[in-house]
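J.: Below are the features I grabbed from TrEMBL:
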- 8-13, ASP33, ARG38, 86-90, 127-128, GLU161, 272-275, ARG342: NAD(+) binding site (BINDING)
- CYS272: active site, nucleophile (ACT_SITE)
- 328-452: domain 'UDP-glucose/GDP-mannose dehydrogenase C-terminal' (DOMAIN)
Amino acid sequence: MVKICCIGAGYVGGPTMAVIALKCPAIEVVVVDISVARIAAWNSDQLPIYEPGLDDVVKQCRGRNLFFSTDIEKHVREADIIFVSVNTPTKTRGLGAGKAADLTYWESAARMIADVAKSDKIVVEKSTVPVKTAEAIEKILTHNSKGIRYQILSNPEFLAEGTAIQDLFNPDRVLIGGRETPEGRKAVQALKQVYANWVPEDRILTTNLWSAELSKLAANAFLAQRISSVNAISALCEATGANVAEVAYAVGKDSRIGPKFLNASVGFGGSCFQKDILNLVYICECNGLPEVANYWKQVIKINDYQKSRFVNRVVSSMFNTVAGKKIAVLGFAFKKDTGDTRETPAIDVCKGLLGDKAKISIYDPQVTEDQIQRDLAMNKFDWDHPVHLQPMSPTAVKAVSVTWDAYEATKGAHGVCILTEWDEFRKLDFAKIYESMQKPAFIFDGRNVVDPEELREIGFIVYSIGKPLDPWLKDMPAVV
Ligand code: UDX
Ligand code: UDX
Ligand code: ADP
């Protein structure tokens, strides 16, 4: 029986290993983590992450050929294939602060593998890492090898949160990079055999190590660039009277461009896009390519611009002040169908509104109050460095309340900001919400989930990203 061990039971490691276990009954999969609480949660009925379909997969194989454990060394020692899926935060201090990936966790995992291994291992990079990390890891392992042979593979994960299980069941492609030596090729084949249990052969791509590592950064950069492109156009749509939904549809009909991933929004979030682009920028700078670095940096600048543009619209439409006004925030997660708030645009929007002394009342179907308070207390990049967490200032705490109901959040509010595209927001009784709000009642739709015309008929003043402006907003030009 092939034995797989995955170091890191996070958003990537957990679901990926659960699906490998489900699809490969002949393989034993053990997911290990230093966090006792996380492993306990994976072994309970309350999994540590919310992901549609995940409970079902875990239930089917946990205790059969899928295990979660904190006994890291034992399982690493016994495994044939070791996936490393630990976090790679952005460095907050020292060389490359604010850009470069912090490989501390990766390095300590590699040193631990070298310490405990007693047989040959295939070590697979699963976390997104800078190009050439595999080389560094290879050096750590071979310089401490005690005669054991290691093969390093890069096998980046392309799943998106909220659709992780679907993405893993039916991936567009699986990418495996390895050394172009006979041993390297053999290791690539061994991992290919695992995926071949359910992924058609023509979707399993094999490349050299560096291509695999760079493809992951490039894919995320391209995806984020599409969103910044459509968001840049959304600003121009508002200025000219064009409708971004119509423009995006027309553009996406070109088969060379394609229809997906062209929804204008308040900005992209999530743990990957910004981090990976910053990483790409840093790598370009280190390789003497400032023009290329600046090109990609612009994708992040437009994303930041989109978030501050949204806050400016809110404040300027409400007579240039939101001080003391209740603003309801519907949706805090970085996208629907996940409870994840890492880099969610809601954090920047809420902080912007709090900066103007608003009182905000937040409702999200999956995010807890504790999480929201922690997110709003954090500095940039702290989310990936749990030790840096600071308590929120008492005045800020008072200005934020969290409810478990959209109607409660909007009651008595002057304005409503929709920041996540949860399906349930489309079905809200907006006439009821309107009745309970202060007048004039404003809706700022950062995800284009509501029909502006319908809401205007109820009496709302409506702002939707990239849609023709409400006459009210034309009279109150925002500094954008
Ligand atoms: C992303 C990549 O899609 C995935 O392949 C990679 O493995 C990890 O990073 P994820 O961050 O989970 O996945 O979600 P994704 O669906 O890509 O959305 C990222 C952000 O972009 C979200 O905030 C989302 O709301 C936003 N988005 C997405 C838009 O604003 N408009 C779109 O058209 C699509
Ligand atoms: C373009 C648009 O494709 C077309 O829809 C529009 O109506 C007019 O502008 P055209 O300029 O005729 O058409 O040719 P196109 O095939 O788009 O190529 C434009 C340039 O991009 C060429 O120099 C081509 O060599 C280059 N190109 C194209 C690349 O360098 N790489 C590619 O992958 C594709
Ligand atoms: P991702 O989104 O990439 O999956 P997460 O932050 O969700 O990242 O998960 C990474 C996991 O890796 C965390 O649960 C963390 O506790 C774990 N981890 C970090 N370093 C180590 C290590 N040296 N050994 C075991 N687990 C680790």
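For all residues, glycine too, the Cβ spot is worked out from N, Cα and C.
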J.: I want to verify one value. Collapsing DSSP to three states, which class is THR90 (NAD(+) binding site)?
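T.: Reduced to three states, the DSSP call for THR90 (NAD(+) binding site) is strand.
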J.: Which residue counts does DSSP yield for the domain 'UDP-glucose/GDP-mannose dehydrogenase C-terminal' (328-452) in the helix, strand and coil classes, in that order?
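T.: Helix, strand, coil within the domain 'UDP-glucose/GDP-mannose dehydrogenase C-terminal' (328-452): 49 helix, 20 strand, 56 coil.
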J.: Just to be sure I understand the packing, how many Cβ atoms besides its own are within 10 Å of the Cβ of GLN274 (NAD(+) binding site)?
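T.: By my count, 23.
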J.: With the Cβ under 6 Å from ligand 3 as the test, give me the qualifying entries from the binding-site residues GLY8, GLU161, GLN274.
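T.: Passing the 6 Å Cβ check against ligand 3: GLY8.
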J.: Would you count the other C-beta atoms found within 10 angstroms of the C-beta of TYR11 (NAD(+) binding site) for me?
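T.: Taking every protein chain into account, the count is 23.
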J.: List those of the binding-site residues GLY8, ASP33, ASN87, THR90 whose Cβ lies under 6 Å from any atom of ligand 1, in sequence order, or write none if there are none.
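T.: Qualifying residues: none.
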J.: Could you say whether, by DSSP, TYR11 (NAD(+) binding site) belongs to a helix, a strand or a coil region?
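T.: In three-state terms, TYR11 (NAD(+) binding site) counts as coil.
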J.: Near the Cβ of GLU161 (NAD(+) binding site), how many other Cβ atoms are there if near means within 10 Å?
T.: 24
